[in-house]
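This report refers to the structure that appears directly beneath it.
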Amino acid sequence: MTQITKHPVPAEIAENALINEQQYNNEYQLSIQDPEKFWGEKGKVVDWIKPYTRVKNTSFDPGHISIRWFEDGTLNLSANCLDRHLADKGDQTAIIWEGDDPSQSKNITYRELHHDVSQFANVLKQQGIRKGDVVAIYMPMVVEAAVAMLACARIGAIHTVIFAGFSPEAVSGRVIDCKAKLIITADEGLRAGRAIPLKKNVDDALTNPNVTTVENVIVYRRTGNVPSWVEGRDLWWHDVTKGVSADCPPEEMNAEDPLFILYTSGSTGKPKGVLHTTGGYLVYATLTFKYTFDYHPGEVYWCTADVGWVTGHSYLLYGPLSNGAKTLMFEGVPNYPAVNRMSQVVDKHSVNILYTAPTAIRALMAEGDKAIEGTHRRSLRILGSVGEPINPEAWEWFYKKIGDSRCPIVDTWWQTETGGFMITPLPGATMLKPGSATLPFFGVRPALVDNLGEPLEGATEGNLVIVDSWPGQARTLYGDHERFEQTYFSTFKGMYFSGDGARRDEDGYFWITGRVDDVLNISGHRLGTAEIESALVAHPKIAEAAVVGIPHNIKGQAIYAYVTLISGEEPSPELYTEVRNWVRKEIGPIATPDVLHWTDSLPKTRSGKIMRRILRKIASGDTSNLGDTSTLADPGVVEKLLEEKQSMSMS
């Protein structure tokens, strides 16, 4: 096993940190022992119209799942993200927008954003949108996407943002489920120099006869390629905003009024519409952003996530803007037009905090020093990782190459359903171990249980559950509370089940081992696929790997590894043997891959997650029904994998 390096808190971070180790320990204990007192105080991090008197009213009891926080208070999210900053930060930058094309960028101040949001909120009202109505947003990464989201929140409409990479079928399915009255889109999006036909996709989605609630489509002009047009239904953004007043007082919302629905794919069946409400969500997004990134006024913060994902909601827009931060919104991809684009953007805008995904980090790592060529990245102070467990090798590369061995990495574990960070380091308080999400955030009570739900103590591995509620928790699945209870609370009664497995070490640090369905049982030994993948990508010639289990008549399961080599390397029988021996050496004989499948690319969703369900089916030869592949970024990858599998079988 590779020796774990430990990174203490750097002195220069500790000096000015918002939270140090002693404070973390004291505050965490209070947050667990007296959540009412802790959150009663911390809830004041946002501005309330009518202050709350009731803090926590929650139940995880079977048949009575109910989550309510600050329930008698009223507030408005848009006012917290905009109006409250106008007096002292009105002329400071709120959003730095960096286009797909490096020559395009602009800064929007809090005052300008407030104007545009208020004006567009009035447009929504003119279109008949009222408090409680659902608005679907299918937009590229342009400032207008943020304007649309904040405008919905301003008038009490519920937004559901649909990632701009999704297909017409995915759009119609979501619109039908949430009964959206209005869709906001663009003529086209731009990504790595390619146009994405958003308006055409909406047109196709609306041909579905089951879409009956959509009255209008507002279209933002991004590229000027005029799409087909339905008179009376379709409206240009620039036409409907012309001459409209920017005076729109924020709607007073109850803390438990719905804020947004965000769809996340279920392992089977239709996507789940995760519902977040206003008060608890905003308190949690505001506080987790401030403490986890140790945010200091004036710093430039860049989260590379798309607004279509929960990370884009909580940590590109709402968390940063509620804190009066400068948040960078990037239309493009980290390696276009050159592989050092991410580093160039950091230098161009003097980014202090960079929050990105392991997928992006590993892609840059495969390019080696080209990823940082001609850049200095001296402005960086904090780095962050989100989306999946980061393997120690990618962590170290990110730390040494991008962050120059100076910047703590906050490796954040959380989910669409949690609203914000659950397990994460705090830069001034937490010693880091590469690959570990470390310790729980304030108010979060994680536990490990065995398959019968019995608690596991000490250094151990098990199913990761949360034993009590926290303010950012999703309240239900839209229109289906029964499915909410079934999905998250039925496996282990009285606990929220994350669907992830984790290991807790002797220091109490948590290591996410991957989805529980990604745990292999080899001859009675439990092995996390993330652990084997981590060992594989530690090999100097391997760029990326995905591991699945296949049936084995003696061992129960065998290890099947899909492996992508770094550019310039070619598969060979010698390398095959070398890689198997490497994993054997890293983890032990039990983890030696039975099959290595060389491939140039893996099936990924548009958010960069590897679709393991498909990999499992291909590996086990069960290819008659691969299920829904509509969310794949490149469906052609599947065909290629099947051909490779075929030629492997023949040889």
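Glycine residues also receive a Cβ, built from the backbone N, Cα and C atoms like all the rest.
What TrEMBL says about a protein is an automatic prediction, not a curated fact.
Going by TrEMBL, these are the annotated features:
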DOMAIN    24-81  domain 'Acetyl-coenzyme A synthetase N-terminal'
DOMAIN    83-466  domain 'AMP-dependent synthetase/ligase'
BINDING   ARG191, ALA192, GLY193, ARG194, THR311, ASN335, SER523, ARG584  CoA binding site
BINDING   GLY387, GLU388, PRO389, ASP411, THR412, TRP413, TRP414, GLN415, THR416, ASP500, ARG515, ARG526  ATP binding site
DOMAIN    531-609  domain 'AMP-binding enzyme C-terminal'
BINDING   VAL537, HIS539, ILE542  Mg(2+) binding site
MOD_RES   LYS609  N6-acetyllysine
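Feature map: annotations from TrEMBL on the structure.
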residue : record              : DSSP (3 states)
ARG191  : CoA binding site    : strand
THR311  : CoA binding site    : helix
ASN335  : CoA binding site    : coil
PRO389  : ATP binding site    : coil
TRP414  : ATP binding site    : coil
ARG515  : ATP binding site    : strand
VAL537  : Mg(2+) binding site : helix
ARG584  : CoA binding site    : helix
Would you mind listing, in sequence order, the residues at least six apart from GLY387 (ATP binding site) in the same chain with a Cβ closer than 8 Å to its Cβ?
THR311, ALA357, PRO358, THR359, SER607, GLY608, LYS609
List the Cα distance (Å, whole number) between ARG584 (CoA binding site) and PRO389 (ATP binding site).
21
Across every protein chain in view, the count of C-beta atoms other than its own within 10 A of the C-beta of ILE542 (Mg(2+) binding site) is 23
State the Cα to Cα distance, in Å, between ARG191 (CoA binding site) and ARG515 (ATP binding site), rounded to an integer.
30
Out of the binding-site residues ARG194, ASN335, VAL537, ILE542, give me the one sitting nearest to PRO389 (ATP binding site) by CA distance.
VAL537
Within 10 Å of the Cβ of GLY193 (CoA binding site), how many other Cβ atoms can be counted across all chains shown?
11
DSSP composition of the domain 'AMP-binding enzyme C-terminal' (531-609), residue counts helix/strand/coil, works out to 24 helix, 27 strand, 28 coil
Mean pLDDT, the domain 'Acetyl-coenzyme A synthetase N-terminal' (24-81)?
99
List of residues, in chain order, with Cβ under 8 A from that of THR412 (ATP binding site) and at least 6 apart
THR292, GLY384, SER385, VAL386, PHE421, ILE423, THR424, ALA437
Between the Cα atoms of GLY193 (CoA binding site) and ILE542 (Mg(2+) binding site), what distance do you get, rounded to the nearest Å?
28
Quick one: which residues besides VAL537, HIS539, ILE542 have a Cβ within 8 Å of the Mg(2+) site's Cβ centroid, in sequence order?
GLU393, ALA535, LEU536, ALA538, PRO540, LYS541, ALA543, GLU544, ALA545, VAL563, VAL579, TRP582
Find the one among the binding-site residues TRP414, THR416, ARG515, HIS539, ILE542 whose C-alpha lies closest to that of ASN335 (CoA binding site).
ILE542
